Amino acid sequence: MAKILDGKQLSLTIRGEIADAVARLVSAGGKQPCLAAVLVGENPASQVYVRNKQKACEQAGIASRLARLPADISQARLLELITKLNADPAVHGILVQLPLPDQIAADTVLRAIDPAKDVDAFHPENVGLMVQGQPRFLPCTPHGVLQMLRRNAIETAGKHAVVIGRSDIVGKPMALLLAQRGWDATVTLAHSRTPDLPAVCRSADLLIAAVGKPEMVRGDWIKPGAAVIDVGINRTDSGLVGDVDYAAAEAVAGWITPVPGGVGPMTIAMLLANTLKAAGGESP
Ligand code: NDP
């Protein structure tokens, strides 16, 4: 049976470390870190995500602000708000919760955020710095996965990592980071056009699923003893499930993340870490 990688517990440990670092920063005369979240419209999942992020900030001693905007807001008005937040010295991190309504070009909005306050690390300048191995901030979900691997002493050097999914926010940066010096994995980035995905997955020592298809990865796709990281969050009639058939995978894998309680809470912890860093603190 696989060892369960408990992201909930680990994220609490990291959030405790961040709270200590915030307290040190403030007692040394630094400013209290502050995250400004921008929520457009009434998407229920987005509301939950933003609420959880704000709660986590408050527990770590990070101030949080929320700008709620109507779903029909114009792009120009949203950009005006970003400009104000960029100029506000009390705000260290800016987070625009995705997805945005159709009348707004998400790329344009994300590029308008001051890269020094871009705690989601989606701005092209921050993506470029990461690609060159000199990150200012790391994107939260891949960073959460790396922390999980490191703190559970899961070896990546010389291993074959297969990442399924090539989105800009999860799959692509995940693959890139694992291939970088220090992590030293040999990486395959798989996607919807990859032939014989089960065979590709069976060759993975480390399998990371970031697809958004409930339980797509079957037990017989997994190499015995592999580390299986399930990034997927899928709402089904039977509740939240990941991209991996957990029950079958658990019997074969060496390590596995549950959904919920795996990568999700780690993502939030790394958002706090980036906000602390943006305010001049030392992130864990
Ligand atoms: P996207 O929809 O942006 O990307 C999905 C990727 O999966 C695409 O690259 C797509 O390939 C690939 N894909 C789709 N179907 C298949 C298939 N049958 N076989 C192989 N590859 C396939 O999703 P995200 O990266 O934004 O999110 C992925 C999942 O992770 C979602 O469930 C999301 O909710 C979750 N998530 C979880 C987070 C967390 O904190 N735990 C944070 C962010 C996301 P192609 O490019 O060819 O279309």
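Each residue, glycine too, has its Cβ placed from N, Cα and C.
Feature annotations, courtesy of TrEMBL:
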- 5-120: domain 'Tetrahydrofolate dehydrogenase/cyclohydrolase catalytic' (DOMAIN)
- 139-279: domain 'Tetrahydrofolate dehydrogenase/cyclohydrolase NAD(P)-binding' (DOMAIN)
- Gly165, Arg166, Ser167, Ile233: NADP(+) binding site (BINDING)
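All features noted in TrEMBL, drawn onto the structure.
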residue	record	Cβ contacts under 8 Å, 6 or more apart
Gly165	NADP(+) binding site	Gly171, Ala190, His191, Ala209, Ala210, Val211, Gly212, Val231
Arg166	NADP(+) binding site	Lys172, Ala175, Leu189, His191
Ser167	NADP(+) binding site	Ala210
Ile233	NADP(+) binding site	Gly212, Leu240, Gly242, Val259, Pro260, Gly264
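The DSSP breakdown of the domain 'Tetrahydrofolate dehydrogenase/cyclohydrolase catalytic' (5-120) into helical (H, G, I), extended (E, B) and coil residues amounts to 60 helix, 18 strand, 38 coil. For the NADP(+) site, whose annotated binding residues are Gly165, Arg166, Ser167, Ile233, the maximal Cα to Cα separation is 16 Å. Under the DSSP three-state reduction, Ser167 (NADP(+) binding site) is assigned to coil, being neither helix nor strand. Taking DSSP states H, G and I as helix and E and B as strand, the domain 'Tetrahydrofolate dehydrogenase/cyclohydrolase NAD(P)-binding' (139-279) has 51 helix, 28 strand, 62 coil.
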